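Dropping the structure in here first, questions after.
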Amino acid sequence: SLGIVAGLVLTILRYIEILFRVEGQKVAKIAAWRDIRIRMASLLFAVAAAVSAGTDFYGQSSSSPSTAAGHSTATTGGHRHLASTPTTSVPESNRLPIYLMLASGVSFLVSHVISVLLLPRHDGYKAVTVPMNVDFVIHRYGEWTMLMLGESILSLLIVQVSSGFDYYLTFFCGIVSVVFLQYLHYRSAPQEAKGHAMHRSKEAGLAFSVLMLFYSGG
């Protein structure tokens, strides 16, 4: 969570630099201010998660010596009563940071969707947004999809290796499945800006970007 906070802070600082120090078109400053507002709720949730996780971690660390001392007193003749005294104390996990990080991601997604839907309709949004290089974004989305599908192959490689037939059957079936999925994906997705959802309208581009999140997670 602390790394995500640092990343969000650096991103916001970069947009602040565009607002006050970069000389350029007015549309760039408008877009920078909009991106700052989109990330503010996400940053607040991430900071709360980092504070909660840090407080819980260092609070347990400070109380651990007394717990260890309490366990060490339960001995007789230099040996521990294993049946009567617990050897370890497993603290109840604090799930609040996880929920806060989930809220951080959801708030960013919701803020992004709302900001796009509030843009002027038809071609009016072009006056308050920075033009997107759709061809480059398509290329990057293709690399992202290849990376996500490749992770499934990595998950097959990091398991405990066995010399049985079932392992090799699973491994090669996984490779064939991923290659087939990649073929279907690149065959069905447009490879040029013309005809792509991101090029048709802001609503179509928003739907494509949101669906790619769930597509990558699946």
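Note that Cβ sites are derived from N, Cα and C of the backbone, with glycine treated the same way.
Features from TrEMBL:
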TRANSMEM  36-55  transmembrane segment
REGION    61-89  region 'Disordered'
COMPBIAS  61-77  compositional bias 'Low complexity'
TRANSMEM  98-120  transmembrane segment
TRANSMEM  141-161  transmembrane segment
TRANSMEM  167-186  transmembrane segment
Would you kindly list the residues that approach the transmembrane segment (141-161) from elsewhere in its chain, counting only those six or more residues past its ends and only Cβ-Cβ distances under 8 Å?
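Apart from its flanks, the transmembrane segment (141-161) reaches 167, 170-171, 174-175, 177-178, 181-182, 185-186, 189, 191, 212, 215-216.
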For the transmembrane segment (98-120), find every same-chain residue at least 6 residues outside the stretch whose CB is under 8 Å from a CB in it, and list them.
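Contacts of the transmembrane segment (98-120) (Cβ under 8 Å, skipping residues fewer than 6 from its ends): 1, 4, 34, 37-39, 41-43, 45-46, 48-49, 52, 127-129, 202-203, 205-206, 210, 213.
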